[in-house]
Amino acid sequence: MGKEKVHINIVVIGHVDSGKSTTTGHLIYKLGGIDKRVIERFEKEAAEMNKRSFKYAWVLDKLKAERERGITIDIALWKFETNKYYCTVIDAPGHRDFIKNMITGTSQADCAVLIIDPTTGGFEAGISKDGQTREHALLAFTLGVKQMICCCNKMDATTPKYSKARYDEIVKEVSSYLKKVGYNPEKIAFVPISGFEGDNMIERSTNLDWYKGPTLLDALDQINEPKRPSDKPLRLPLQDVYKIGGIGTVPVGRVETGTIKPGMVVTFGPSGLTTEVKSVEMHHESLLEALPGDNVGFNVKNVSVKDLKRGYVASNSKDDPAKGAASFTSQVIIMNHPGQIGNGYAPVLDCHTSHIAVKFAELLTKIDRRSGKELEKEPKFLKNGDAGMVKMLPTKPMVVETFAEYPPLGRFAVRVMRQTVAVGVIKAVEKKDPTGAKVTKAAAKKGAK
């Protein structure tokens with residue numbers, strides 16, 4: 001058997017009616033793990049409801065409805081295969097929590113597929129000041145999604161159909177915008193497609209014979225293989241802590257960076273509690289080592305369940321152990337906030353698995369969110385659409401890191417009433433040593449060896 005294909009995560013972005021669902025549905029339909037029987041059922045229902053426009057979006061609508069109703073659908077439905085990769089669509093932006101998910105990063109996307117609607121009016125709506133094309137592209141870049149594929153969709157609906165002139169015009173406009181955001185347009189494939197008719201999705205289309213570049217499938221194969229951060233020091237934010245009879249205390253979480261293995265002495269930030277890892281398990285199987293992306297449970301010695309909680313971060317005690325933050329400086333973008341944000345604002349921050357109120361202690365600068373240039377020092381307030389550097393103070397002990405060193409622990413969302421009002425990236429952290437940190441006997445013994 002050959003080497004298993006590499007897994008990559010894709011996020012599909014773009015304006016409301018650009019055809020994201022149809023395009024994603026088409027890929028999953030043609031290349032994915034959807035059972036043919038399920039497809040037939042959907043097709044029959046679509047015909048009964050007279051949804052002639054069914055094609056592929058219907059597949060996705062059904063999956064979404066089932067997902068939102070809490071029916072656990074087989075996640076294989078969101079996967080498809082290319083020659084080189086197993087691709088998972090980690091989120092499609094119709095989803096309510098799309099922006100939060102992108103930031104708190106249940107999984108970090110390796111590539112963004114930006115879908116553009118080139119029809120007259122459609123394109124202008126997407127790229128206008130309020131259009132989501134801009135916001136999504138900016139978010140993707142700010143959150144470290146380095147690679148992008150741009151699909152000029154609905155080529156079957158341009159005037160005239162499959163218009164090269166319209167495609168050229170779109171490429172020019174979108175390139176200049178993406179350049180302002182921070183992407184290098186020369187490294188982006190601009191693929192003219194029809195998610196509905198299937199042109200250039202998987203096979204070359206004779207309707208687009210003027211286009212000589214890759215199909216969408218080829219472009220996905222040309223993504224650079226992502227480097228997984230297993231060589232960095234360990235960071236494992238806890239999602240839960242269980243007490244399991246006969247075993248003891250078992251913290252659970254996802255390895256974000258580094259590796260964890262039995263026998264390692266770990267320090268939990270922010271409390272500084274240090275102990276030895278007895279065993280590491282994933283899907284009820286013991287592991288000799290867990291890598292980034294693995295969701296694991298691990299058993300720790302001489303530790304009570306009360307000593308650990310969600311939001312704590314496990315780290316290697318001998319390799320840059322995690323500590324609490326006294327304060328940190330972030331670049332924040334205000335998104336859906338109705339009022340003004342000034343010094344003293346204290347919302348709840350979602351950063352990795354922690355959910356803690358943080359005070360905006362000082363607004364340091366206001367910056368141009370497109371270019372990053374400073375516009376004003378010590379602004380009185382920030383409002384919708386503004387970006388700025390802010391010094392923040394956690395109201396309770398919490399672990400954060402700079403985005404540059406540990407990306408998953410360096411980005412956050414500010415949410416009020418289930419609405420994301422701001423997103424941020426952490427630029428600097430002032431750490432503090434814990435007071436009275438407990439070192440278990442097992443850890444002390446290990447350290448003395």
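Numbering starts at 1 and runs along the chain as it is shown here.
Glycine is treated like the rest: Cβ placed from N, Cα and C.
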Quiz prompt | Candidate ranges 91-94, 255-258, 271-274 [criterion: Swiss-Prot lists as region 'G3'] | solution = 91-94
Exercise. Provide the number of Cβ atoms within 10 Å of the Cβ of Glu289 (5-glutamyl glycerylphosphorylethanolamine), excluding the reference atom itself.
Key: 13
Quiz item: Can you tell which of the recorded positions Gly14, Met155, Glu362, Lys396 lies nearest to Lys306 (N6,N6,N6-trimethyllysine) in space, using Cα positions?
Solution: Lys396
Self-check item: Rounded Cα separation (Å) that holds between Lys187 (N6,N6,N6-trimethyllysine) and Glu289 (5-glutamyl glycerylphosphorylethanolamine)
Solution: 36
Self-check item: Summary of DSSP states over the region 'G4' (153-156), given as helix, strand and coil counts
Solution: 2 helix, 0 strand, 2 coil
